[in-house]
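Asker: Please read through the structure below; I'll follow up with questions.
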Number of protein chains: 2
Amino acid sequence: MADRKRKRPVKADSDSEEASSSKGALAFKKRLKPDEQILNSITELRAAQKEKPQSLSLSDLNLGIACREVVDLESTSVRLAIEHTILSIAASILAGNGFSYQVPSRNNSNQLYVPELDRIVLKDKSSSRQFVNLSTVRKATITTRILQLVHQLSIKQIHVTKRDLFYTDVKLFQDQSQSDSILDDVSCMLGCTRSSLNVVASEKGVVVGRLIFSDNGDRIDCTRMGVGGKAIPPNIDRVSDMESDAHFILLVEKDAAFMRLAEDRFYNRFPCVIVTAKGQPDVATRLFLKKMKVELKLPVLALVDSDPYGLKILSVYMCGSKNMSYDSSNLTTPDIKWLGIRPTDLDKYKIPEQCRLPMTEQDVKTGKDLLEEEFVKKNPGWVEELGIMVKSRQKAEIQALSSFGFQYLSEVYLPLKIQQKDWL
Amino acid sequence: MADRKRKRPVKADSDSEEASSSKGALAFKKRLKPDEQILNSITELRAAQKEKPQSLSLSDLNLGIACREVVDLESTSVRLAIEHTILSIAASILAGNGFSYQVPSRNNSNQLYVPELDRIVLKDKSSSRQFVNLSTVRKATITTRILQLVHQLSIKQIHVTKRDLFYTDVKLFQDQSQSDSILDDVSCMLGCTRSSLNVVASEKGVVVGRLIFSDNGDRIDCTRMGVGGKAIPPNIDRVSDMESDAHFILLVEKDAAFMRLAEDRFYNRFPCVIVTAKGQPDVATRLFLKKMKVELKLPVLALVDSDPYGLKILSVYMCGSKNMSYDSSNLTTPDIKWLGIRPTDLDKYKIPEQCRLPMTEQDVKTGKDLLEEEFVKKNPGWVEELGIMVKSRQKAEIQALSSFGFQYLSEVYLPLKIQQKDWL
């Protein structure tokens, strides 16, 4: 083996001091200060979170046009809202004005990006959904059925998935996209979030670290969840009483990085909460992150792949997706800091060429599209990084750091990034 | 609403007594005995588990041909096995016999289904991987590098993913399929499982219910994991000290059903452990199920969709997948009982026609292929059920039970199935 090495030095060797890139890795490790000094780097950012006034809401702004957002409601309020809706309709029928719902429009032309809030909201356009009209009778019927089902859920106080809802009346709904779409209408009509209706998405996120919370009455200590972590509950309304002595929240794109940090108990060296949705963020993880951010008032640092897809994921956490824009205030966590892996890190941390990947044409196009997005444009640092990515046509995964040793991420890269306040 | 209902009765209505299928649902509910009598139904099955001799291993059989299986090894044993391998090679070189590995063949012709074990094992064919041979030098080099990396992992006692492993030497491995494949070779060569090498898969399974275990030293009580449940750890060797007062393990195909049972705390009414891999089973969940089965000696009842895919999933839990056949003894849980949803349940439980789905041509083909598989053929009950499925060309998801009310699954269907010992 030694002979082979002399002939062909293995660049990415992590443990042999002779390998060239390993020397670079060691150089970075030597720059690390004691842990408490590293943690000090985050104090300012953390203080800013605590001092920050409660985030703006639509009503704080004087937009000049009416806008609509949904809020979290208790089961009782949801029940009352439904009963109120149905009673108004009964009154309307009795008064000879017929049976119709007033349904807010959720399409593109009724959406508005509000820079002050940094998210998309719905404008106030709505349409009448009449029962005595051939073009709307079906939708009016389905709306009524969904209202009835959601009413049951609010009385029983149980949670179901969209799929369950669909199966309660396949004959009427015909296919799930129809019950899903009208469920969103009902959510807008009642002015409450879909979670308030007790209809939840399946969860895939996990959390670990310095966080204690209640899940359906059970007290969960996330420092005692081993390597697997705690699965994020699908129903956010059963999550309560969050407590934490963390200095920041570390949002991780991938489960491999999550596992590394959980096994190394990174959160004990640098008190933090580590959360991942294992790729594309699901609603449950987004709600959970938002709740942590609001209740614990902690800064959020993000660790994603250095590719357009990593940024897309950040954008979903930060600005939401367009088809749920009516619920953006509950789902979005605006000020997430982009910690890494950033395009400039590739050279700065001397990621070996062979661990970088060429961007496809589609990647480049996605990157260019992102440069036009508001959430990127308002942050000059991001524009610059993304520009470098598109120009170099190189991307890299978080795992590329493994070329310096498996624990380089937790022992060198992240501590150094934090020490240097190297977030954007 | 009342008017509409008279004209067009909504079959799948769960809460109104007038709806016809609801009457059927009520009839089933009336058949339920008190919970302790229902639990008695499972006593026999449970006793059989406790009395059953330790499951057969390859060495108990007198097969007449040499076969190969891998076992779980401690980090120290893995380290010693690697050192032993390298020292033999050094000795071979010094003796003038050159540098080569003896690598077990993992291809189809070297696989054998052993009915007594009900799983696939490897026969003893192996090939020489020489360094001084143009056709094998590359593989010999990669094998050496993987041995070196795995050796580091065993010393540091940390766990990484296959992706991490790949990134430690992208230049050599070129693409991940190469390092993955040779990692499997190394596993076979050393005679230990891939988890013993500390290379783990990402986990997506969750567990909830009457189980207490240690994850990396943290004591986890799965009755206190809310609705989200505990994420199953990626590294099974850090899982230990399982304790349980459960009467059975309920293996669930989908997370929606898992959530329903977790929220209803089904495990408190009928003491059990509920586990799901959220679809296609991953290695971590299979290892976890196997470990529970062996340590707790509990029967496993499975709740899957009534379609060929549901049975495919059962087959992976029970017999393993062909490309990991060398590790089948650790990954497979042979005697899983098929509780539901079974093709005969569709009529028996009067699942409304509109909640059943027509099978596609591909579904029918998969069903027919399954009828040829050993694990189906050895169970006449399964053959019959699958025959009915293929003939009727109808399938149904677990959620189809929602047509009788959201909690029908946990309150009627499962209790009744257990009471009637209706498993195969």
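Cβ atoms here come from the backbone N, Cα and C positions, even for glycine.
Just so you know, TrEMBL annotations never went through curation; they're auto-generated.
What you see is a predicted model, and the numbers here were worked out from it, not measured in a lab.
Under the heading active site, O-(5'-phospho-DNA)-tyrosine intermediate, TrEMBL lists B:TYR167. Residues or ranges marked as active site, nucleophile by TrEMBL: B:TYR167. Annotation source TrEMBL lists Mg(2+) binding site at B:GLU253, B:ASP305. Annotation comment: TrEMBL describes B:138-199 as domain 'Spo11/DNA topoisomerase VI subunit A N-terminal'. The annotation domain 'Type II DNA topoisomerase VI subunit A all-beta' is assigned in TrEMBL to B:203-239. If you look up TrEMBL, you'll see B:248-418 marked as domain 'Topoisomerase 6 subunit A/Spo11 TOPRIM'. The region 'Disordered' annotation in TrEMBL covers B:1-27.
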Asker: List the same-chain residues at least 6 positions away in sequence whose Cβ sits under 8 Å from the Cβ of B:GLU253 (Mg(2+) binding site), in sequence order, or say none.
Answerer: B:THR276, B:GLY279, B:ALA302, B:LEU303, B:VAL304, B:ASP305, B:GLY310, B:ILE313, B:ILE398
Asker: DSSP helix, strand and coil counts for the domain 'Spo11/DNA topoisomerase VI subunit A N-terminal' (B:138-199)?
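Answerer: Computed counts for the domain 'Spo11/DNA topoisomerase VI subunit A N-terminal' (B:138-199) are 44 helix, 4 strand, 14 coil.
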Asker: For B:TYR167 (active site, O-(5'-phospho-DNA)-tyrosine intermediate), just count the other CB atoms lying within 10 A of its CB, please.
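Answerer: Here the count is 29.
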Asker: For the domain 'Type II DNA topoisomerase VI subunit A all-beta' (B:203-239), give the DSSP counts of helix residues, strand residues and coil residues.
Answerer: 6 helix, 15 strand, 16 coil
